[in-house]
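One structure is given below, encoded as structure tokens.
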Ligand code: NAD
Ligand code: IPM
Ligand code: MN
């Protein structure tokens, strides 16, 4: 098969973890007899520095055409003085998610056995943790009207019922393939959008009698996630809460550098479901350019791209096994207690795939 996808390295550690992921993809393609056709395009600060908009139309056009996107990260201090849609985050990442209708963002949290003694939490609390956060990605406060007026500043938060319903359906469908439990997280004691969220989720739940549904308020959830992480199966939540809770989930997994993500659309008119795959971490300006970034999250995102956008399950599994083998062997970066560079980790994983 020809694996044709759009590669958006972006900023900071994005190109570093991206290069490691490309090395791994090349190895797996060679092993399984595929060709790799990566369309490399600018996004974010890198595009701004090249005199382009944060999301050049040629970059978007490639994403739209291939329908499979591997993204590093965007943003950083160099572009922090910019305002509104001139910023990498607001001018590139959010419009890309919105224009491709990538409303379902899936972020897994299943700590590796080899890392159980490395995470800040005790092994007996972590053992058996295996949940997935289903984050709504194209609505809520991120996409409401924002601005300044005489009184100050505002960010409007809106959700429509269909927007809540479609992400809830994905979460319940996923729960049916797992331990049949959905925890919906909101702030319905204060927010009207959360009250709509809760009502809508309750209504969707009636279609899934086998699935157990519980509701938790987001403030309490931050505590429950750390004190009893094994309790959760599918966590369903809105855009901003999902952003915050998944950085917290990375603590359970030992590092920001190990959690991948997939953002998916519904099938388009041409029958294609679009997928964008990116680590949950950002451009990590504090370690950028030093070869210190852990490429696992980006490599695992590439594996998800193979599985979900190209149906290459054996290839994805081969990458995931190679990542775990590297971890067990101690072929890891400093955040996981190792001494390898980003590219060395990529090479160690690629080599396991070609051996
Ligand atoms: P961050 O995720 O970039 O970094 C948070 C901390 O985690 C830092 O100490 C960093 O060194 C560490 N870290 C992150 N990824 C790591 C990796 N792969 N290996 C080892 N350590 C890693 O978050 P931040 O510092 O708050 O944000 C920096 C910039 O990234 C901001 O401009 C933000 O908007 C942007 N950002 C972009 C994305 C994205 O493009 N998807 C996601 C999050 C943040
Ligand atoms: C993420 C990031 C983004 C988000 C930012 C960079 C807009 O933090 O993907 O987790 O908040 O969605
Ligand atoms: Mn985030």
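Cβ from N, Cα, C; glycine included.
Per TrEMBL, the feature domain 'Isopropylmalate dehydrogenase-like' maps to 2-349. Per TrEMBL, the feature NAD(+) binding site maps to 76-89, 282-294. The feature site 'Important for catalysis' is assigned by TrEMBL to 142, 187. Annotation source TrEMBL lists Mg(2+) binding site at 219, 243, 247.
In this structure the C-alpha atoms belonging to residue 288 (NAD(+) binding site) and residue 247 (Mg(2+) binding site) are separated by 19 Å. Compute the center of the Cβ atoms of 219, 243, 247, which mark the site for Mg(2+); besides them, the chain residues with Cβ within 8 Å of that center are 218, 222, 240, 241, 242, 244, 245, 246, 248. In this structure, the CA atom of residue 284 (NAD(+) binding site) is 21 Å away from the CA atom of residue 142 (site 'Important for catalysis'). In the structure as shown, the Cβ atom of residue 80 (NAD(+) binding site) sits within 10 Å of 12 other Cβ atoms. In terms of C-alpha distance, the listed binding-site residues 219, 243, 247 place 243 closest to residue 84 (NAD(+) binding site).
Taking a Cβ distance under 6 Å to any atom of ligand 3 as the criterion, the recorded positions 142, 219, 292 reduce to none. In this structure, the binding-site residues 284, 288 were compared by how many other Cβ atoms lie within 10 Å of their Cβ, and the smallest count belongs to 288.
The separation of residue 247 (Mg(2+) binding site) from residue 76 (NAD(+) binding site), Cα to Cα, is 17 Å.
Among the recorded positions 76, 84, 142, 187, 243, 292, the ones whose Cβ sits under 6 Å from an atom of ligand 2 are, in sequence order, 243. Among the binding-site residues listed (76, 84, 88, 243, 247, 284), 76, 284 have a CB atom closer than 6 Å to some atom of ligand 1, in sequence order. Residue 80 (NAD(+) binding site) has 142 as its nearest neighbour among the recorded positions 142, 219, 247, going by CA to CA distance. Neighbour density around each Cβ, counted as other Cβ atoms within 10 Å, peaks among the binding-site residues 76, 84, 88 at 88.
In this view, residue 247 (Mg(2+) binding site) is surrounded by 14 other Cβ atoms within 10 Å of its Cβ, with every protein chain counted. If you compare Cα positions, residue 142 (site 'Important for catalysis') sits closest to 88 out of the recorded positions 88, 187, 219, 247. Spatially, by CA atoms, the recorded positions 187, 219, 243, 247 include one closest to residue 292 (NAD(+) binding site), and that is 247.
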